[in-house]
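These notes are about the structure you will find just below.
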Amino acid sequence: MPDASGRAATQNPAPAGPSAPVGVAVVGRAGVPAVAGAAPRGLWGAAPQGVRRALWVLPPVAVLALVFLYPLALVVQQSFTPENGGGAFDAYASVFASASFREALGTTVWLAVGATAGCLLLGFTLALIIAFVPFPGAKAVARFIDVFLSFPSFLITLALLFIYGTVGMANGVWTDLFGVAEGPFRFLTTPWGVLLAEITYFTPFVMRPLLAAFSQLDTAQLEVAAGLGARPARIVRQVILPESLPALAAGGSLVLVMCLNEFGIVLFTGAKDVTTLPMLIYGKAILESDYAAACVVAVVNIAISVGLFGLYRVVGKRAGA
Amino acid sequence: MSGIRFDSVSVAYNGTTVLDSLDLTVEPGEVMALLGPSGSGKTTALRAVAGFVRPLSGRVLIGGRDVTALPPHKRGIGMVVQQYALFPHMRVEENVAFGLRAQKAPRAEIPARVAEALEMTGMGAYAKRYPRELSGGQQQRVAIARALAIRPGVLLLDEPLSALDAQLRSGMLTELARLHRELPEVSILYVTHDQVEALTLADRIAVMDRARLQDCGTPQQLYRAPRTEFTASFVGNANLLPVTVADGGAVFAGRPLALDPGRAAPGSTATLCVRPHLLGLGEGPNALRGTIAEVQWRGSTHRLYVDVDGHRVKADLPELRETPALGDEVTLHFEPRDAVLLSAGVSHA
């Protein structure tokens, strides 16, 4: 019988006893030798199987509860207990009624959706080129994608500042070329600058699962499709894209959730007029010391993220991902 | 009707020649099997026809048209590969319709042509299924239907039966033979390492080894009168014994053998080729005396391995009532007409 991990069980479940064949070597499908009749002995000795499992689960659950769930619960609790008294939902009513919250929510959503769409488009195109268009250094580029994932988001923003910032390279070249006092590149402090930075930073998060999916794709399918008369565009549209949808969905949903919660990029672009939910939380908590309102916005942010994750799981299951 | 012509086609990967000056013609409507071991260049030859590899030199012609520089999608060929390569997200009917849509067949014609291709391969009842819901044999039928739906002049089959078990393989061989009878206008290039598939299906067999064409002929020619040692051993697993040509025969280990020496000059060295199943046990013409080294029971036959003067000789005999024991002295014999003499010059072309 397969165990929970899907592998064939390799140990004889029969308890040790006079009737059990003792010392008979059994090799399961996984090739792991076991001794029939020998009772499994682990860290928890001869405790019943259910208890043993519970004991194994307990430590990670305790750590998780202590370092993650408890602080989260405190945030939720704070959102229902305004410091200046009042009803449990007063802070929610006040935040939801404020124009700044609605604006931040709108900005957060459109930036996240826009960045995700941009990442999907750019990531799919770049991954296609790396995976299917042979060029020298393709492997090195693919490895660099992995390294890129480890970069902090503000670093990318900082790099963009060097290029497109008010006193950045692009404006410097422009002023040198045309002898004017100021260059035209000022978009970095607008929502478009944030969008560019988010697309630049998060695109590799889409590419990584796509490259993995492309490496699993049977190249014979692409060859047969070409042999049947399909041009490259049709092969991409009808063969590669449908088969990489689960990877696209995984990368896209990850980017969407990360963009919803992105703080460093918005902060480093210096876009004062761009207020997203995380920026609003920062402003309420640190600048205004309105912790209840900050917690309300945080709860909304968490609810959106968890909701999107749930939606992704449901859609993913239906799509067979 | 389209034939295929390889005109001195060479292919190299990173400086290593994987197909060396192949000259071969597949006549319109002919089934040509490319037979050889792994790395012999047979799949490379097929991929050169399909357009997936660009020859280093030479030309590939389909229907008399030079297609060497044409991209695969402009060649109009059907292709079936070992692992079927069905599109897993498409139903069977969508898989079969893929090529028709790619070639922009009239929309109204597509359902009928899909149905026709599926009926031809006995898969009409499975049109709505996904590939994952089919067995290996059924998937291969769908792959064949998909290739035939576009009515190609040339059909390329790359080890199409390798992934099937022996029973299914036998059934599919019969099916492929029937399909070819029904579609006599289609030229088929059939790549395989299995001599049974090649002997069963092919009108002619091109034997390949080490990137080169070794031999080409009808199955009967290659089996009964191979020109090279490689062909003799790869097709039919023949016994090959070194002999010296003599008047009216040859000499093996000091013993005269009666056979047709052909054009081989007396005194020259040659290789005697005799098939295992054409050897008899006991005294007879052209006796070879030796010691039993191994006996294998194969159901309807026994295979004996007999050491004759330092050479291991294989003999396939109808099931023996009394099997000889290891170390027994036995005598094998063969009729003069059942042996072929390969001159040393063509031992490995």
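Any Cβ shown, glycine's included, is placed from N, Cα and C.
Automated prediction, rather than curation, is the source of TrEMBL annotations.
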A:187-207, A:208-228 - the one TrEMBL records as transmembrane segment: A:187-207
Interface-richest range of A:54-73, A:109-135, A:247-271, A:291-315 toward the transmembrane segment (A:147-167), CB pairs under 8 Å: A:247-271
Chain residues outside the transmembrane segment (A:247-271) and at least six past its termini with a C-beta under 8 angstroms from it: 108-109, 111-113, 115-116, 119-120, 123-124, 152-154, 156-158, 160-161, 188-191, 193-194, 197-198, 201-202, 205-210, 212-213, 241, 277-279, 282, 301, 304-305, 308-309, 312, 315-316, 319, 321
